[in-house]
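Working notes, structure below.
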Ligand code: SAM
Ligand code: SF4
């Protein structure tokens with residue numbers, strides 16, 4: 001079989017990293033991510049297990065080497081582990097890494113299988129270790145399950161990175177505790193600035209906390225030294241002398257990280273978004289359901305490479321402003 005052309009965009013960036021959303025549904029309702037009464041997509045619009053599988057293989061044929069399964073909450077999708085099992089077989093055969101981003105509520109059930117099917121690293125979102133704050137923020141009292149899930153992941157041998165969204169007046173006083181705890185567990189920790197994606201009840205401006213401020217406050221307690229470590233993503237890393245751990249900072253708003261972008265995202269309905277911060281998209285579901293799916297998919301991916309923008313343009317600079325984009329992060333999974 002002739003080797004298919006790798007994915008290279010109009011700015012000569014080689015695209016090797018795909019984030020695929022398994023579902024837009026979730027068992028939590030993090031206040032910065034989605035409203036309590038979120039309208040979810042009709043199930044018929046969501047790609048079937050076979051379609052997700054074919055899509056992933058199509059991407060691997062075009063040079064995607066790193067695949068992250070995300071959501072919504074990927075582990076609430078019933079046939080999720082079948083897909084992990086099937087895609088795990090591609091590791092070492094085109095795919096270098098299969099990873100997952102999860103809120104952790106169901107990890108105690110699935111951690112062993114994830115490891116058995118070839119997953120080695122996962123990202124788990126945890127914004128606070130304080131049960132009351134967790135319950136207020138996620139609108140569900142699920143911290144104990146998440147902590148059980150994290151213990152199961154560690155016991156299964158999965159390498160864990162905790163992701164924490166920094167929120168003014170919500171968890172800003174808990175961030176150091178999360179980082180210290182993560183490092184104590186042998187987990188990496190990464191902080192993220194809140195992004196203006198999708199309508200939620202609150203004004204994100206009220207809770208936007210630039211990470212330069214968080215870094216200043218952490219430096220009063222710890223010595224942070226810039227690390228050479230790179231994960232191929234937008235995070236910049238620091239070694240924390242006192243905890244012996246690594247801290248990543250993702251600053252989409254105060255810093256632009258687009259020049260080295262190597263990633264694209266596909267929603268659970270098969271919409272490829274060329275940029276997290278833009279509306280440029282290609283309908284891969286239509287390609288998959290066409291008469292010649294292989295050719296149509298390849299053509300759609302070529303179009304995606306031509307429309308991927310140079311950079312995102314979102315800002316949170318005034319109170320009451322509408323979100324930069326109407327779609328929620330739960331569509332594209334971060
Ligand atoms: N449910 C899974 C989870 O929470 O890890 C996967 C999907 S979730 C959309 C992926 C990541 O996006 C999480 O770390 C979450 O905290 C983050 N996130 C959601 N909405 C965000 C927003 N508006 N700004 C910044 N990060 C956001
Ligand atoms: Fe669900 Fe993740 Fe969004 Fe929280 S951040 S509501 S866990 S999708």
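Just so you know, glycine gets a Cβ as well, placed from its N, Cα and C.
Annotated GTP-binding residues in TrEMBL are 19, 68, 101, 263, 264, 265, and among 161, 168 the one listed with them is 161. Calculated from their C-alpha atoms, the gap between residue 72 (S-adenosyl-L-methionine binding site) and residue 26 ([4Fe-4S] cluster 1 binding site) amounts to 5 Å. The two recorded residues residue 275 ([4Fe-4S] cluster 2 binding site) and residue 68 (GTP binding site) have their Cα atoms spaced 16 Å from each other. When secondary structure is read from DSSP and collapsed to three states, residue 101 (GTP binding site) falls in the strand class.
Only 26, 30, 33, 72 of the binding-site residues listed as 26, 30, 32, 33, 72, 265 bring a Cβ under 6 Å of any atom of ligand 2; the order follows the sequence. Comparing C-alpha positions, residue 33 ([4Fe-4S] cluster 1 binding site) sits nearest to 125 among the binding-site residues 68, 101, 125, 261, 264.
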